[in-house]
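All remarks here apply to the structure that follows.
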4 protein chains.
Amino acid sequence: MYERFVPPCGGQPQFEPKEVSSLSESNAYRLNSKEVARATEEWMTRRGVSKGQIGQLVMLLQKDYFPELTLDECIANVEAVLSKREVQNAVLTGIQLDMLAEERKLLPPLQNMIENDEGLYGCDEVLALSIVNVYGSIGFTNFGFIDKFKPGVLKKLNEKNGKDVHTFLDDIVGAIAAAASSRIAHRKQAEREEKEEAVLPGDGSGEE
Amino acid sequence: MYERFVPPCGGQPQFEPKEVSSLSESNAYRLNSKEVARATEEWMTRRGVSKGQIGQLVMLLQKDYFPELTLDECIANVEAVLSKREVQNAVLTGIQLDMLAEERKLLPPLQNMIENDEGLYGCDEVLALSIVNVYGSIGFTNFGFIDKFKPGVLKKLNEKNGKDVHTFLDDIVGAIAAAASSRIAHRKQAEREEKEEAVLPGDGSGEE
Amino acid sequence: MYERFVPPCGGQPQFEPKEVSSLSESNAYRLNSKEVARATEEWMTRRGVSKGQIGQLVMLLQKDYFPELTLDECIANVEAVLSKREVQNAVLTGIQLDMLAEERKLLPPLQNMIENDEGLYGCDEVLALSIVNVYGSIGFTNFGFIDKFKPGVLKKLNEKNGKDVHTFLDDIVGAIAAAASSRIAHRKQAEREEKEEAVLPGDGSGEE
Amino acid sequence: MYERFVPPCGGQPQFEPKEVSSLSESNAYRLNSKEVARATEEWMTRRGVSKGQIGQLVMLLQKDYFPELTLDECIANVEAVLSKREVQNAVLTGIQLDMLAEERKLLPPLQNMIENDEGLYGCDEVLALSIVNVYGSIGFTNFGFIDKFKPGVLKKLNEKNGKDVHTFLDDIVGAIAAAASSRIAHRKQAEREEKEEAVLPGDGSGEE
């Protein structure tokens, strides 16, 4: 028989206030955001991916829409994406799984699927999409496009040399580029509207 | 002041059993699944998209992986995707919004965004992804690829003639093709494993 | 310098630069972000939902974690969520569909499903989740919780009076509250870390 | 005949046909679906979760809607969900990360976040939602509800004893229960429509 679940009555706390209780313990774990951000940067570098390389992917995705776009701007947008906690979590988790697969420390059959970038294994795409989502749904298309053609650094990440495993990282890098592209599209629109407003004659009221 | 929310105590129903109550009313609304399926098919045809055209998109996405794939197989997989309620809901909702935009019956600024397939409007991609998701995350890449290049029927849907609006439908058709491709990938794997099993000498036990 | 990416063959444009071409037309459509933001606010008010009411939902979701949280803070976070274009798009699209269902202007069987808040119709949840996603996956749980119990304004939106249809809006309001809760959780963590840093004795270098 | 799609320029392969090339290698990796399914079942059992326990969660979620629902039916639906590859991939990946966190084999700060079920770490929810998605968006609400209240086996999985880590598994189990609930909702609707059809007087044609 199944136990009847009785959600708690008024007066009682509806659920354990997790953060509050953990705060009261001494020596308690505390999230260190700077450390998470620093580790994200370090791990990406160690795994052979620079912000400049991701910036180049962004440039490829956006140059036809914004001909004046510079690589520095692209890199700045990549950095903004990488500053988001949701993105950092996905990067760290994905790289960790890639590294463990390289060291053959995963249990079969997960080891085999990740090591061989199994086409029917989609957790890499799932984590990648959580990155794209932060800058909205307009990035899905760019993610898919770049993930299909694997330009630039993605080509290198995809070369199977029997040693390196980048099953997660290549999707994650594509997702960061797609997210940065979305960010640029939103920003450029804002810039254009600001410029147009500046040249429009006002109604003299001094108000918007 | 905000009202304190007291989730109900045991004994009382935790939430209104929606289906049950609506069943007891006379003349009550009842979902007619066949009607939903039929309408999906009819609306797609009326909006100029055939299963054969979506099948061709599937063929384009999958032929390099499965050289023996036939167009009939692709169409059969498109039909399987279209039989899913989640897919039908997205198709009907998307086409409805396209049609209302054509008739200029939406309120501004939504009218303007949908009518002009605004790049920063992403609800079309959001609905499309709900279709892809039904067959798993491996379809994200195919969706993005096809949504970027707009081959076949997607090209036609994207031609702006100042009259037809297919802002939602073109993403939805791409999503159906991507979902059907995922379905094929899963099925082909199953077929291959069955074939391999058939030729392997058993251990004589008659058991798997 | 970045390497120019030339997928398949150079010279030809890979895809029509949509924005660029539309810019060159005279009388061309242009997105007006302020108008989209203004309409979002107006439509929510007209449909009977205030920022204060959503703020109360946020308070309900977060008060056990952050006892010092004020309603004003909650409302400020709701406003931040509502300033995002992805959110505005979902709000406008959802409310539009609700209104058209009220006016019985949708085609059957979509009319019936939306009018009756059909349990097997999930496009409302799909749009809602695109709102939650902007502030990361930690909001899924809060969205589901609030969507189940329908506290505060959600209860009112769910009352079936045979006239008003809020099939989309009630999920959207829950999603905005969940997203604002995620935003608060991220901000509070940042505040705590800043405070801790301020009281920690430095290493005298004046640097972080 | 379908038109061969030749994006940018014909002749060249647009992308490496991954599966095809790996098939031609000797000793090549091949996905073994039965092994993946078997491992999923084994790992869940080893981590202390039975199908019966998940079935009880399903019962809790669905009993008010379908009073005649039996635990056996719930378990059968859990089994159907667990037979999906997308679900198996998420289960194996999540449990693997939990186990590695228990063994303290993850790199900091990922180790700390997973070990402590950090509230701002959302990759567990991301993987869980990929399970829910397979049965459509109607499961989001049930997932959130159950993930908030942690009834039944979820309570046990959430008890922090300083040894066991179930950061991923508890979300995954909730997601499986939510997906099975969606499956039941779809099936029950189909059953009802079949029953209604059987009692309706036909048009005498003997055809549908």
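Using N, Cα and C of the backbone, Cβ positions are placed for all residues, glycine too.
If you check TrEMBL, you get these features:
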type: COMPBIAS; residues: A:188-198; note: compositional bias 'Basic and acidic residues'
type: DOMAIN; residues: A:47-185; note: domain 'YutG/PgpA'
type: REGION; residues: A:187-208; note: region 'Disordered'
For the domain 'YutG/PgpA' (A:47-185), the mean pLDDT of the predicted model: 96
Long-range environment of the compositional bias 'Basic and acidic residues' (A:188-198) - Cβ separation under 8 angstroms, sequence gap at least 6: 65-66
For the compositional bias 'Basic and acidic residues' (A:188-198), the number of residues DSSP places in helix, strand and coil: 11 helix, 0 strand, 0 coil
Helix, strand and coil counts within the domain 'YutG/PgpA' (A:47-185) (DSSP): 98 helix, 0 strand, 41 coil
